[in-house]
Amino acid sequence: MASSAQSGGPSGGPAVPTVQRGIVKMVLSGCAIIVRGQPRGGPPPERQINLSNIRAGNLARRAAATQPDGKDTPDEPWAFPAREFLRKKLIGKEVCFTIENKTQQGREYGLIYLGKDTNGENIAESLVADGLAARREGVRANTPEQNRLAECEEQAKAAKKGMWSEGSGAHTIRDLKYTIENPRHFVDSHHQKPVNAIIEHVRDGSVVRALLLPDYYLVTVMLSGIKCPTFRREADGSETPEPFAAEAKFFTESRLLQRDVQIILESCHNQNILGTILHPNGNITELLLKEGFARCVDWSIAVYTRGAEKLRAAERFAKERRLRIWRDYVAPTANLDQKDKQFVAKVNVTVDYIRPASPATETIPAFSERTCATVTIGGINIAEALVSKGLATVIRYRQDDDQRSSHYDELLAAEARAIKNGKGLHSKKEVPIHRVADISGDTQKAKQFLPFLQRAGRSEAVVEYVFSGSRLKLYLPKETCLITFLLAGIECPRGARNLPGLVQEGEPFSEEATLFTKELVLQREVEVEVESMDKAGNFIGWLHMDGANLSVLLVEHALSKVHFTAERSSYYKSLLSAEEAAKQKKEKVWAHYEEQPVEEVMPVLEEKERSASYKPVFVTEITDDLHFYVQDVETGTQLEKLMENMRNDITSHPPVEGSYAPRRGDFCIAKFVDGEWYRARVEKVESPTKVHVFYIDYGNREILPPSRLGTLPPAFSTRALPAQATEYAFAFIQVPQDEDARTDAVDSVVRDIQNTQCLLNVEHLSAGCPHVTLQFADSKGDVGLGLVKEGLVMVEVRKEKQFQKVVRAMPRKPPAIASQGTGDRTSSQRGSGDPTTLLLLLGKDNGFGFVGFKKKKKKLITSQINWLRVWLRMQLQTRAESFPAPMPPCDRLKSAARPGMERVSPTFLPPPLSLPFQHAAPESRATSQCHLRARKHRATTPLPGCLESPQGLELAKCCPIQVSALGSPSLPSNRTREPRCRTAVQD
């Protein structure tokens, strides 16, 4: 603080008080001020000076927050006018003062003169002369200063000024309001018009306490759009300033404290009001930014009413010069040429920045480089339009992140308007429910939708997303569902995949194929034909855009190849011609294509013949859908050696229980029920205690706790030895759709070939797995052919010429069944019926019998083996459980047991066996399907104690059924293998 000492009169005379100078920072009351010195490298020192010999009224004080029972103290009469008198006269002015007295508490009293010396206006005398202060009682010194104060007081009393006027002075007491009940309504009521105010306190550079006039609201105002460094309050109550916090506070204090200003109330945040403070000398918000004392903040810049671009420009000015808080600022490097930042393609696109690629972490997958731009059409910013209608929200960035939209402030302002008006997702109304079934990857739902989509033919759809060149996500408006759609008939390059912890690179030209599909169909209306679905619940079919087949277009542009599954399609010829044209161009996927020599193509006819090259394999697992896993016999020794080494390594370095965290797709080691460790792959993590694993060398699956899993040592990974279990399916046969029939077929295959060595020949490939024929290693008998002969499966119709010889060699109908009746049989009677209802009659006298079968379909399939199998199943069941206990589930066999029938336990089945049923000799087609009254019959060789039962006859009369001509079935012995779960009966 500047000061000067005056030496005064002759030697030995009274000491002359030291005259000091300063600038008035703040007026505390009518008799106290705070003065400061000139700033030198930081905020200057301050001193509080109290006027001596006079007293003014005390201003109002709010009760302390720590005293809940405390009450607010109002103004004393004429206290506020005295404060205002000094504020208007002294704030920001240079004064000089002398200290006359200093108390033990450090309070200083003295005389204050306006100006640079004591010849200026005496502030105490001016207050007393205007009746705003009075001389202190008890001070009666006979000095020139006291005499002038007494004269001024007498003149004020005579003129009835101020406190000496008539009345109590109640009109000078302010009605201060410290809180506002509804800040939002209070702000909106002023309609963003300037409000007169006095800045009473500066908390930091961007937060002040203002007295709004003329209603005397004392409110906290935060400057909209900016934030200055603050003072951090510690646990002990002390405050620690952030860098440049004190400088920013002094910058605001020196310009606004106790000045008359105007405030535009723009919004509110809790009980604090956001606003802009206008001073005759300028806008403090822009000045703080320009001087590097503040930074723009996104959350409040949207409500700034005087142009957010001015704030951004002021901040940019400070950044470029690295002022104060920007002293360590490093501008982002330009990663795009200026000429490439703006281009026109049906819409105007302005590239704002390019987000660099980010590496993968444990929880966040990797992201490739992304170009972020502002898109306008017809002068309308698409992003701003979406945000203003409440259909999108604005992303919030870190304060130090400058990579954002060039119209970011407009987006924030649009969002603020949408929130205020309650539009779109900001509305308080109930959100309308749009039910869309997302069946992507849901196998069960996909199976339910598949028949509807197949029958619908061409369906309208909208392409929602393009995963790769041949994989899309579609929205079907008619079915209101989202599906994952795979283009049929082509093989497109596989694209890159982002997985936690790694990035799987894509195949060549995968990005070109994806870009081609995106440009052609993304967000457009298309037509799709659904043909089938895969195991993952993805639909497979054809997609048409403006009459063009997307699969054909991809092949034409050499971005995909024709897949063998297209052979059955009506688009096969178009695909082949497109592929031939692409091959001739030798572009993209066909860049390295070399046409085969003529001599190698000459034997065309030989390619139509089936090639049989059987190799020895070991069958390790049979699945419920009649697929099976095999191991190659040639690599068996390698597997045994690897398993032995791996188990030795695990024994020496056992895995720590609980240290392995399973994730889907990971290769691991799993402890089987035999206590040994095997290589496996995690298929699903159902819960913390249930993990689905697949043993990659054997083909079986199991659910294990994580404690029985461990990390697969790198030395024994699939790179050292690939997974040995390979999945295959039987060729030329159809798996039964009926659950019981399929179970019987699976049981037969398990009994015959599991854990045995067989011979395998690959016949053809399919989308799921290769289809093969399998032979027994010893007898060379075909396993699939045996299933057909047993009546367990049906023959699959194949159109390929090379397979016709094999398919025709398989029996298409079961052997004829000799009739027990008399007369010739018609063609319909020679066929066998599809048994859907079999009634077993059991009486009290242990009688038994069959009644006929109901014919359900025109195409009837039943063999002697299946007839006998049903009969034997009944016999085996009656041995295990007595009637009328429930029998095992079977859609062909229904027990006719009723209350009143006693339990029966046949002990043997004597040969020769014949169905215990007779009917009249049919004379026409009608009689072969007529309703017959079932009669009680015995077997050709009756069981001991078998007598006719009236109860059985009575029951049979109530069950009219349709029958085919049936006779005595016999069981041919076509293999010497003994079935595990079935009884072999010789004729």
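Glycine is no exception: its Cβ is also placed from the backbone N, Cα and C atoms.
TrEMBL annotations:
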COMPBIAS  819-834  compositional bias 'Polar residues'
DOMAIN    18-166  domain 'TNase-like'
DOMAIN    193-328  domain 'TNase-like'
DOMAIN    457-592  domain 'TNase-like'
DOMAIN    661-719  domain 'Tudor'
REGION    812-834  region 'Disordered'
REGION    967-987  region 'Disordered'
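Where the domain 'TNase-like' (193-328) meets the stretches 18-166, 457-592, 661-719, the count of C-beta pairs under 8 angstroms peaks at 18-166. Under DSSP, the residues of the domain 'TNase-like' (193-328) split into helix, strand and coil as follows: 40 helix, 54 strand, 42 coil. Each residue in the domain 'TNase-like' (18-166) gets a DSSP state, and the totals come to 38 helix, 46 strand, 65 coil. Note on the domain 'TNase-like' (457-592): DSSP counts are 41 helix, 50 strand, 45 coil.
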